[in-house]
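Peer 1: Pasting in a structure now, in structure tokens, and then I'll have a few things to ask.
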Amino acid sequence: MGRNVLVSSLQNASFSIIFQIICRCITFAINAFIVRNVGREVLGITNVRLLLLESTLLFLSKEAIIRSALSSCHNKQCSWAQLINQLWITVPVCFTLAIPCLYIWLNWLSTVDANYAEQYRFGCFAIAFSCIIEMTAEAPIFVGQVFCFVKLKVILDTGHIFIRSFIFILIVLMNKEITIYAFGIAQITSACTIIIGNYAFYYLYIPKLLEYRKDLKKVDDKYILRDRYGQQFENMDDFPFVSIKQMLPGMLPNPNSIFNSDLQTLVMSFAKQGILKQVLTEGEKYVMSVSPVLTFSEQATYDVVNNMGSLAARFIFRPIEDSSYFYFTQTISRDLTLAEQKREMVQEASDVLAYIMKTVTSIGLLAFVFAQSYSGTVLLLYGGADFVDGGLPELLLRWHSLAIVLLAPNGITEGYMFATNTSKQIDTYNYYMAFFSVTFLLLSYQLTNWFGPVGFILANCCNMSFRISYSVFYINKHFRSIGMNPLQKSLPGPMYLSVLVVCGIVCKISEAYFRERSILCHLLIGVLCTGLSVGTWSFENRDLLRTGLARYRTRKQSLTPCETHVN
């Protein structure tokens, strides 16, 4: 196998960031349209209540299975037939979870206004159905991730987002009174798009790969065949499928047991952890839904601000976290100490961890500094004067920027920990996660009663601080045996921090003087200060940028197949 895991991880992160930007821009445009034309209550029902049902079903159905499969795909004792069988368990799991979830969403959670009750009921069933059928595409999606079909994932994900948005907007423009119906229909359509797109790709790809293999035996020189077939078939000797049917359960030849016992153990460990992680990730929405702390209109306001405040997480941190997790799972073995593994691989993993931590922490601080001066301006341009009236949205966004500072290192440190933990260590951490989850829910409820919606943000900050502390302790202990400490090199430099402080002061002065006089001048000062900050960081980390540029040039010269694994 000639695929470069690090290059694939970096490229996956790059394309995922582009996808997230496109996705968020579309979502923000739709949300702005709903806020200005339909009403905040509808936005609260769709974006908080219904999307919470979707995230609950998808996360609990597949997160543990996908993570354990990624960790086991390079284990010789776990066959591809066993992996495929395991991935298809997501379908019955999702169906089983959908039954109690639908009952809870329809009967236990805070009631919806009678005007939207029937639409809400349809929306719940539509979300559940779309999640169940979407699980049938997990096998080809997983294969694409393992074999570095990076561009395929981005193209299909972008395509289904555009189709979902187009259908939703088209229906709403015809009749604004059926917005929730339109939301449910669009969700089902997008799920079908994911299924058709993934299976259609392999339906076309596999026959061409088999033809390429036959010609390669005759020619025995892949460079001669490159002009005829392209690069997407090179270094695919270990691709186990000769028919698209073999991506169905029980169809791939399997001399072993149906399921792998070690994989099952790992799945159970991740499953326990997944439930707790879901509570931590969506805890504020669960509190909103179970307890009438906020109205649907207030929930919509919080959700809009939360999504805007999470731009860095969705655009940058999450793609980097996913790609880093994949890289660490393929580089560091779970079952061996670092001293027992290849020194050069451990050193590379240590450097990558330090560089990523420094980068995301710098981005988090940048977002925090400029959010103090530009939250109100951005929200005014987005939702209009009525939306920012009262000052609550601006206050929420400023506080949310503090959560971004903690969110940046939390995802990377936890990603490394999960990628290198043994099953026993994962089980141990589950007890801590249980404590974090209970503490987070209690803090959310109590702080919200004291401080209103800001309480959700404060509770989340406390939660992430607990998790970061545990992850940092684990990483230091993990590297101590070989005399390394990558986290020592993970903090931004003094020059960058000094410039951030100066720029923050300048922007606050600009806000006080220009915000009411000229928003354009205020924004221009912010752009100049941002450019100065980024330029300072680039100068201070020029060695890191040179290394990244060198890797990029090497990738171009080597013409790695992962770059072009898409038709």
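Cβ atoms here come from the backbone N, Cα and C positions, even for glycine.
Any TrEMBL annotation is an automated prediction that lacks curation.
These came from TrEMBL, pasted as-is:
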type     : residues : note
TRANSMEM : 12-35    : transmembrane segment
TRANSMEM : 87-108   : transmembrane segment
TRANSMEM : 120-142  : transmembrane segment
TRANSMEM : 180-205  : transmembrane segment
TRANSMEM : 399-419  : transmembrane segment
TRANSMEM : 431-448  : transmembrane segment
TRANSMEM : 454-475  : transmembrane segment
TRANSMEM : 519-539  : transmembrane segment
Peer 1: Mind checking which residues reach the transmembrane segment (87-108)? Cβ under 8 Å, same chain, six or more beyond either end.
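Peer 2: Beyond its ends, the transmembrane segment (87-108) has Cβ neighbours at 49, 53, 56-58, 60-62, 65-66, 69, 121, 124-125, 128, 131-132, 135-136, 138-139, 142, 248-249, 290.
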Peer 1: Please tell me whether the transmembrane segment (399-419) and the transmembrane segment (454-475) touch - that is, whether there are at least 3 C-beta pairs under 8 Å between them, with each pair 6 or more apart in sequence.
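Peer 2: Output yes: the transmembrane segment (399-419) sits against the transmembrane segment (454-475).
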Peer 1: Going along the chain, which residues at least six beyond the ends of the transmembrane segment (519-539) come within the CB cut-off of under 8 Å?
Peer 2: 362, 366, 369-370, 373-374, 377, 380-381, 492-493, 495-496, 499-500, 503, 506-507, 510-511, 545
